[in-house]
Amino acid sequence: MVEGGIAKADKTEFTECWRTTWKTPYIMRLALSAGIGGLLFGYDTGVISGALLFIREDFKEVDRKTWLQSTIVSMAVAGAIVGAAVGGWINDRFGRRMSILIADVLFLVGAIVMAFAPAPWVIIIGRIFVGLGVGMASMTSPLYISEASPARIRGALVSTNGLLITGGQFFSYLINLAFVHTPGTWRWMLGVAGVPAIVQFVLMLSLPESPRWLYRKDRIAESRAILERIYPADEVEAEMDALKESIEAEKADEAIIGDSFVAKLKGAFANPVVRRGLAAGITVQVAQQFVGINTVMYYSPSIVQFAGYASNKTAMALSLVTSGLNAVGSIVSMMFVDRYGRRKLMIISMFGIIACLIILATVFSQAAIHAPKIDPMESTTFAPNATCPAFVPLRAANAPPSRWNCMKCLRSECGFCASGVKPYAPGACVVLSDDMKATCHSRGRTYFKDGCPSKFGFLAIVFLGLYIIVYAPGMGTVPWIVNSEIYPLRYRGLGGGIAAVANWVSNLIVSESFLSLTHALGSSGTFLLFAGFSTVGLFFIWLLVPETKGLQFEEVEKLLEAGYKPSLLRRRNKSKDDDTA
């Protein structure tokens with residue numbers, strides 16, 4: 001290994017993963033069973049986007065209060081912060097398998113609470129329970145899979161967890177559409193999550209603990225027995241020797257720093273290998289969130305409505321396209337992550353994300369500028385007492401707001417009743433109410449309250465789709481792969497927990513602020529802000545994140561021990577050294 005550089009790993013084809021798992025189906029059984037946690041993660045984070053539309057219809061206070069909508073969405077994220085933090089400790093103390101079982105119980109309790117919620121605050125409690133499960137599953141499932149996978153196909157197998165996350169999100173949109181016309185709509189949408197939680201709980205009872213965790217607990221015979229079912233016979237001894245070396249180094253550290261949580265935390269930050277691992281792991285997790293992905297996944301139907309599609313059903317159907325593309329992108333990641341590497345996929349992904357966000361900002365800006373005009377006559381005569389309150393004083397002063405358009409009307413907290421003749425012709429700016437919506441529809445018109453009719457709406461859908469296509473294979477799955485393999489064994493649960501907490505804190509900030517940002521900056525300004533964050537994230541990924549493709553865990557540790565620098569900086573340092581010489 002070159003100091004400060006990257007060991008060259010053999011290219012691993014996607015077919016190698018399937019060839020290996022075909023010969024040893026036990027490996028895929030472990031990966032898929034643990035990956036159901038990813039399915040639940042995806043379902044519970046995705047289902048709320050459609051369910052929220054119907055929760056708003058059942059509880060008028062939710063419809064009136066943007067902060068309450070954001071709270072219902074983001075409380076699962078708040079729960080995930082705690083779940084990830086506690087999950088790191090549970091992983092190291094009680095094992096990966098136990099952590100997954102506890103997460104399943106939390107998923108089930110949360111689903112039941114939400115399904116029978118009589119008021120918004122009960123939904124919020126259910127979302128917190130679900131969030132605790134999501135936080136634990138988000139770090140434990142990829143960790144379990146990575147520790148039960150041969151190094152040469154580890155990336156592809158951990159990507160199955162990413163595939164199941166995106167598959168869960170896609171499945172949540174299908175369920176949303178399936179229950180659109182069913183009594184109880186959102187209750188069914190939120191309650192269905194209890195089913196896969198029960199399935200995984202039963203499956204995990206029949207599966208073993210992680211072999212690396214077992215070895216750490218001196219259950220060496222059990223560890224060997226599992227490795228013999230995972231590796232070819234001629235590779236088992238080499239894997240056992242690598243585990244022995246790693247454990248001995250860990251025990252030497254513990255003899256100095258101690259074994260308590262506080263001592264381990266201090267030891268982690270005092271250890272340069274762990275610090276460098278955390279710098280890389282936290283960087284990719286924070287960057288994953290600040291590209292704005294979960295604004296798309298949590299608020300996808302709302303964004304579609306911002307683009308000019310008013311119908312709830314249409315918005316959810318179009319959102320299904322973005323979640324489907326996300327799932328397809330995860331398959332692409334499985335195909336290429338072990339062939340082209342983690343670092344390269346993330347950097348390419350970030351360039352694509354930045355380009356799509358800038359284009360989306362332009363599209364939404366043009367849509368706002370060219371929104372249909374307001375017809376002053378219609379606005380004041382459409383129906384008795386129907387005129388938008390913000391419009392009335394200007395009209396009464398004999399100064400009709402000729403520069404007003406639909407977007408200005410909506411920002412004044414009013415509704416827009418589109419023209420019944422042409423979709424983009426001037427319409428009426430009227431009060432925001434269910435009665436006015438019904439009146440507008442009764443006259444064969446469409447009522448808009450979240451977005452305006454726009455010739456640019458289809459472009460927003462197209463570039464949302466492209467955004468997902470470039471996000472999913474790189475930034476969608478790779479950060480979880482990196483965090484499952486970049487920490488020394490003795491700090492893997494702790495390091496993964498810290499990085500997962502950083503991910504969920506970032507997620508909370510983005511999801512809680514999105515609706516407020518769109519209100520303050522507009523959709524265009526919000527997407528442009530995310531493009532700026534993505535540019536910063538791209539720089540730090542280039543600077544701090546090494547390539548771990550095809551490396552054994554012990555090789556990754558040696559790489560970080562030497563210290564990582566991008567090739568460009570290594571060349572500059574070498575040139576300076578040559579000049580000095």
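Including glycine, each Cβ sits where the backbone N, Cα and C put it.
Residues or ranges marked as domain 'Major facilitator superfamily (MFS) profile' in TrEMBL: 30-549.
Positions annotated as transmembrane segment by TrEMBL: 30-55 (among others). Sequence-distant contacts of the transmembrane segment (30-55), counting only residues of its own chain at least 6 positions beyond either end whose CB sits under 8 Å from a CB of the stretch, comprise 21, 62, 69, 72-73, 76, 96, 100, 103-104, 107, 110, 120, 123, 127, 130-131, 133-134, 136-138, 140-142, 144-145, 148-149, 157, 160-173, 175-177, 185-186, 189-190, 192-193, 196-197, 199-200, 203-204, 207, 230, 294, 297-302, 312, 315-316, 319, 323.
Under 8 Å from some Cβ of the transmembrane segment (67-86) lie the Cβ atoms of residues 44-45, 48-49, 52, 55-56, 61, 103, 106, 120, 123-124, 127-139, 294, 298-299, 497, 500-501, 503-505, 507-508, 511-516, all in the same chain and six or more residues away from its ends. Taken from TrEMBL, the feature transmembrane segment applies to 67-86 (among others).
Same-chain residues lying 6 or more positions outside the transmembrane segment (98-117) and placing a CB less than 8 Å from one of its CB atoms are 34, 37, 40, 44, 83, 87, 90-91, 123, 125-134, 136-137, 140-141, 144, 187-188, 190-194, 196-198, 200-201, 204-205. TrEMBL lists 98-117 (among others) with the feature transmembrane segment.
Nonlocal intrachain contacts for the transmembrane segment (123-145), taken as residues 6+ away from its ends with a CB within less than 8 angstroms of a stretch CB, comprise 30-31, 34-35, 37-38, 40-41, 44-45, 48, 55, 71-73, 75-88, 90-91, 96-97, 99-100, 102-107, 109-115, 117, 157-158, 160-161, 190, 193, 197, 210, 480-481, 483-484, 492-493, 496-497, 499-500, 503-504. As annotated by TrEMBL, transmembrane segment applies to 123-145 (among others).
If you look up TrEMBL, you'll see 157-180 (among others) marked as transmembrane segment.
According to TrEMBL, the transmembrane segment annotation covers 186-207 (among others).
Residues 284, 287, 291-292, 306-308, 333, 336-337, 407, 452, 454-457, 459-460, 463-464, 466-467, 469-471, 473-476, 478-479, 522-525, 527-528, 530-531, 534-535, 537-538, 541-542, 545 of the same chain sit 6 or more residues outside the transmembrane segment (345-369) yet have a Cβ under 8 Å from a Cβ within it. Under the heading transmembrane segment, TrEMBL lists 345-369 (among others).
Annotated transmembrane segment per TrEMBL: 456-482 (among others), in sequence order. Long-range neighbours of the transmembrane segment (456-482) within the same chain, counting only residues 6 or more positions beyond its ends whose Cβ lies under 8 Å from a Cβ of the stretch, are 138, 142, 146, 154-155, 158-159, 161-163, 165-166, 280-281, 284-285, 287-288, 291, 293, 296, 300, 303-304, 306-309, 318, 321-322, 325-330, 332-334, 336-337, 342, 345-350, 352-353, 355-357, 359-360, 363-364, 366-367, 370, 503, 545, 548.
Sequence-distant neighbours of the transmembrane segment (494-515) (same chain, 6+ residues past either end, Cβ-Cβ under 8 Å): 66, 69-71, 73-74, 77-78, 80-81, 83-85, 87-89, 91-92, 135, 138-139, 143, 264-265, 268, 274, 277-278, 281-282, 285-286, 288-290, 292, 294-295, 298-299, 302, 479, 483-484, 486-487, 526. Annotated transmembrane segment per TrEMBL: 494-515 (among others), in sequence order.
Summarising the annotation, TrEMBL assigns transmembrane segment to 527-545 (among others).
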